[in-house]
There are 2 protein chains.
Amino acid sequence: MNMLNIQLTSPLTVTTPKGFKATGVHVGLRRKRKDLALLLCEAGADAAAVYTTNQVQAAPITVTKEAISKSGGKVHAVLVNSGNANACTGQLGLEHAYASQQAIADQFQLAQEHVVIASTGIIGQPLAIDTLLQGIEQLQPDEGEEQADDFALAILTTDTGTKTAGRQIWLDGELVSVCGVAKGSGMIHPNMATMLGFLTTDASIPSPLLQDILKSAVNRTFNCITVDGDSSTNDMVMILASGAAQTQPLQPETDEIEQFQQAVEEVCQDLAKQIARDGEGATKLIEVNVHGTANEWTARKIAKQIVGSSLVKTAIFGEDANWGRIIAAVGSIDEPIDVGQIDIRIGSQWVLRHSMPILFDESLASRELAQDVVEIEVNLNQGPASGHAFGCDLTYDYIKINASYRT
Amino acid sequence: MNMLNIQLTSPLTVTTPKGFKATGVHVGLRRKRKDLALLLCEAGADAAAVYTTNQVQAAPITVTKEAISKSGGKVHAVLVNSGNANACTGQLGLEHAYASQQAIADQFQLAQEHVVIASTGIIGQPLAIDTLLQGIEQLQPDEGEEQADDFALAILTTDTGTKTAGRQIWLDGELVSVCGVAKGSGMIHPNMATMLGFLTTDASIPSPLLQDILKSAVNRTFNCITVDGDSSTNDMVMILASGAAQTQPLQPETDEIEQFQQAVEEVCQDLAKQIARDGEGATKLIEVNVHGTANEWTARKIAKQIVGSSLVKTAIFGEDANWGRIIAAVGSIDEPIDVGQIDIRIGSQWVLRHSMPILFDESLASRELAQDVVEIEVNLNQGPASGHAFGCDLTYDYIKINASYRT
């Protein structure tokens, strides 16, 4: 085993891991921008996925869950469109979802259950299925970096830029890659639906173990983002493992799986931060670290409560070191905590010790709050656990973007 | 018993019920506006109160809870200041709270435990206790309508106007009044702390029964308001019953108590709507009615989820009949519901039937969304229960007010 972690300077993309091809094109679901993306693993990949917890789920979510269940976690192709969420579209929506799945299966000679689909866009509108089916015929996935960039572009909606990340590790003397791409601007934005993430790796790992790793990574990363607290009908994060690096299948409770898990978590974390920073109208990333709780779950819940508070988000937009709103957010969680021993740090300065305000330099605080990244630390001093969350400030532009999105 | 409900055209104030005096003055905790208020019931009132559920609680909350517990629910005086919340102020804050309680007790010759206190304003700053104690000497409560208006004014913070309501009912041939006054603009606004409500009545009712009635009324009214979802360190709603109307003490499970309960709930509802409509930066009141759930609790939870969604609030500010955001908010609640049978009405038009979009007049919808009050109805069609919630839109002015409040 080799513990060396390499981070190449060349961009790592979803086609960096061996065995994957990608593409992204404009087919006419949207006016001008690329709107259809395909990720292909011809030899088939072991897959794992995490979906939205919203009870209103789009047709592609239903079809993808069914495919993965039927195939026992084998996926050869992922089709994504960014024009229309195909949510709240009833039986017709389901038929459209199956038709697009079948079209990919036909074109690339795959079993239908080896094709999964995802979508994001307007909800409650029937999919322009003929446009989509004609578009599918144009898809010519390849291994190039450019094709991976096209994929990253074609899944975007209100995002201001593509979001990609990658890590490489040595396993059995082979260089193994874990790469990912995501979209998600308003988090969550039910009408231009939402957060999608796709990870690829050439490690060899059975689906059930991959599922455990993805779920744990998503809980610590994507699920720690709060942009506006709403949750969507179309959220999906999926990882595909091609096994093409020709390493031994990863086993539970080994050093190798720990390295792999860390790489997956880092890629997810990197993408999650890019999403938070690109929240609708956001001018800065807010990172909240909570320490000193009885367990990680509580720490994460408090961190999310803080980063999700409209008052905290607005104060940070206003570059105001308003710790009163932070402690009020801490106190509002629905499990008992000791509120008498709380320390709060904003930027480089502690502003509260044992729940009592201490003098700090307000002008330094304002200058630090004007930076791209704002760090808040809270210590409850009553346990060994820590947790974090990410978010963004709440700004005039959030109102502007969302007040007139649909019409 | 007389079922006639009278609603007088003359204003009903907290001094309308017999036995109460009030006043509100400027003592210097704030720069110019009235900042100290007193409500007095010389003969003593039976009291009930509901407090913030935030675990970080201001000193006045601690002192008031202790007084009510010691006195067995007897209250003679309520002192309120609107300059300083006296929250996160430690032992000194508690001493200041006791000192102000004692000063009122001395001045009006009351037992200390018959005096309760409430406050709202900046948190984490020591109270200017000398200013407050000198101010207390100025207080000359009286029964007049003008004094009641002064009280209503002196408890305000970022509110744009006073909030009062009243109902009168006949009990035992006597006219009995239930009146109230409230403040609360940002709901909830931890740094200019929050929602206060004071009701007075000249009915005769023992404290434990009054507590049940208040709690139930608050759950259906004040607790159904969401402005920004945050919850404060200083929230309090209190009702005082003087018994001065000389009616028989109210008994459980009688027609009389039902009438009284209805009057209390209507006063709370009226005040709650005034608070929601006066949410920081709000341009309109949003009323959400949810029907067809298994129980009232679920209906209310869904209604609050809708009215608390930043995306829904922003769409309504933008006069956009965006039902996608409404159904996504419904689907995001944390208990299982059938999401296939949902009807949604925005203004006068049904926009979704059985979870499928139906054609509606978009321009009519926009015109209706431009009104002062926007009504949303959701029917889940899977049970007999209903619930409601109130809120306001999310606007540029919310950001403006809250981005620069403290500094």
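Cβ from N, Cα, C; glycine included.
TrEMBL annotations: computationally assigned, not manually curated.
The active site, nucleophile feature in TrEMBL is assigned to A:T194. What TrEMBL records for A:T157, A:K183, A:T194, A:E280, A:N402, A:T407 is substrate binding site.
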Of A:T157, A:K183, A:E280, A:N402, listed here as binding-site residues, which sit with their C-beta under 8 angstroms from a C-beta of chain B?
A:N402
For A:N402 (substrate binding site), which of the three DSSP-derived states applies: helix, strand, or coil?
helix
Around the Cβ of A:E280 (substrate binding site), the count of other Cβ atoms that are within 10 Å:
27
Looking only at DSSP and grouping its letters into three states, which state does A:T194 (active site, nucleophile) belong to?
coil
DSSP secondary structure for A:K183 (substrate binding site), reduced to helix/strand/coil, please.
strand
May I ask for the distance between A:K183 (substrate binding site) and A:T194 (active site, nucleophile), taken between their Cα atoms and rounded to an integer number of Å?
8
Roughly how many Å lie between the Cα atoms of A:T194 (active site, nucleophile) and A:N402 (substrate binding site), rounded to a whole value?
14
Mind telling me which of the recorded positions A:T157, A:T194, A:N402 has the densest Cβ neighbourhood, counting other Cβ atoms within 10 Å?
A:T194
